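Reviewing the structure listed below.
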Amino acid sequence: MEASTSSFLTATSSRLFRPLTTPFRISAVRTEEKPPSAQKKSAKPAPNPKTSTRGRVRRRKEWWCSPSSSHCCCYRSPGAAAAAASLPATFCNTLDELINNFVDPPVLRPSVDPRYVLSDNFAPVDELPPTPCPVVRGAIPRCLAGGAYIRNGPNPQHLPRGPHHLFDGDGMLHSLLLPSSQLGDGDGDGAAAAAPATLCSRYVRTYKYLLERDAGGPVLPNVFSGFHGAAGLARGAVAAARVLTGQMNPAEGWGLANTSLAFFGGRLYALGESDLPYAVRVDPATGDVGTLGRCDFEGGVSMGMTAHPKRDPATGELFAFRYGPVPPFLTYFRFDPAGNKAGPDVPVYSLRQPCFLHDFAITERHALFPDIQIVMKPADMLVGGGAPVGSDRGKVPRLGVLPRYASDESGMRWFEVPGFNMMHALNAWEEARGAELVLVAPNVLSIEHALERMELVHSCVEMVRIDLRTGAVSRTPLSAENLDFGVIHPGYVGRRNRYAYLGVGDPMPKISGVAKLDFSRAGRGDCVVARRDFGPGCFAGEPFFVPDDSPAPGGGRREEDEGYAVCYVHDEGSGESRFVIMDARSPQLDIVAEVLLPRRVPYGFHGIFVTQAELRSQRPQL
């Protein structure tokens, strides 16, 4: 979940600064396994992937590296990388150390002190090659068999030398490939059982990751924690010096790809809104995860893309947007079912002030955008010594409604919704023959803490109804519980649905359980109709709903909630992590299967389940 400030840096520095070396455009980062003969040339022991700088050969338009080989021909130890540092790099590193130790030491701001931010199960882990995991409880349902659950999240490859926000970590994908076949006769209930699953954890090979891997330490400033007051100006000056001396090129991307994932057009993408998507691939045979490259869709997408695009389940189209600190603050665009950019960009100039526009929603004919009280205020850093992103309690939140296939913003309408700050959307749909829009989303009540003190955040799910004929807006609370990080049946995106599954904050971003909401109960009290608490000291991440796609009895259509809610769960007492599969229809969300993981999986952000058929349909190259 990367900051809007990163978009500011990319937009500004790419215009103002050019490296002294001849600039060139990078459009792909590819990873390839080295042939066995190349791997045998080195007898060095495998380096620690947390600190290793091996594996990158820089060429025009491409880097070639092997995520699973520890004996790549271009291996260099961290010490060698430091020894080879240029004079400009050494000078910039020294300035960074001075800023981190004397101008802005983390101890002065506990909310970005790595000792606290990266403690317990928020601490980073090394990469993990494909490793078998036993199914220790129940059996894997057939609709999940052979598929993979992949969860994205921040995992800094180097220990921070200064302030560090949870959102600042490099993207790491934790992928669990589930068994596709049974061992033995099974129990006759239509489930695959006993065969092991395979866990693999890999960094997304972003430009930032590769640059800092070669450097042996942090190079790019941390966006969320680094730009604060005078220290932020100083770090900005150091970053500018690195650009001017050719140490880095902001045109190649600042992003972390650490927020979420999306599957469309035969490809799986790791997403972070401050940069372009990175295509990744899960090997359906071994479970290994590799990075294919940074994608601009043949020049159709620039700067960045939301980490929460919406795929229409009926048409196969994907709808997305980008936002930033310079006009237009919002730009809307879409893709066809094959994953190609479709139609023109739609810049929205009626968004008067840049804000943290993290998510949105679609219906069959509209797209809905929140204009919330988290805003970009770079002047506060310059004048007031604050951060460039913060809350504005005097601002009245709005919802913008744009025709889904608009070619310009002439059809955009804005509706004031006082006190409604939506960070994540659950779903939206149309009623009254399209004359009314319904949006369901958690409302962040303590918006001033959304970035700095997440443990103080409380979000309540609300149903917002917009009458397009009169402009009237009404709101109905669905639950008073602290609920966020929610999902629905993916086949109902943009259509009226009934159920959602959300994480229970205890406090956020820790999730102590999963709650099921029934939207049909709106206006009749609390809409929580089922829940699963994971027990003392056990915390999970965002759940994901996987529908049961097996034929329904009698040949009819299965109910919306027939399926399974899945997530990783960590026991802070024992240190064990598990993958749990819950029956989404049962009142207690009963656990029907568990996979014991070979090591802990850190808390993260958003995940996805990719079916066996989708894994096999992945395109192998960019």
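Just so you know, glycine gets a Cβ as well, placed from its N, Cα and C.
Here is what TrEMBL says about this protein:
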type    : residues               : note
BINDING : H308, H358, H424, H606 : Fe cation binding site
REGION  : 27-59                  : region 'Disordered'
Report, as a single number, how many Cβ atoms besides its own are within 10 Å of the Cβ of H358 (Fe cation binding site). 22
Does anything in the same chain, at least 6 positions from H424 (Fe cation binding site), have a Cβ under 8 Å from its Cβ, and if so what? H308, H358, D359, A441, P442, D484, F485, G486
Least crowded of the binding-site residues H308, H606, counting other Cβ atoms within 10 Å of each Cβ, is H308
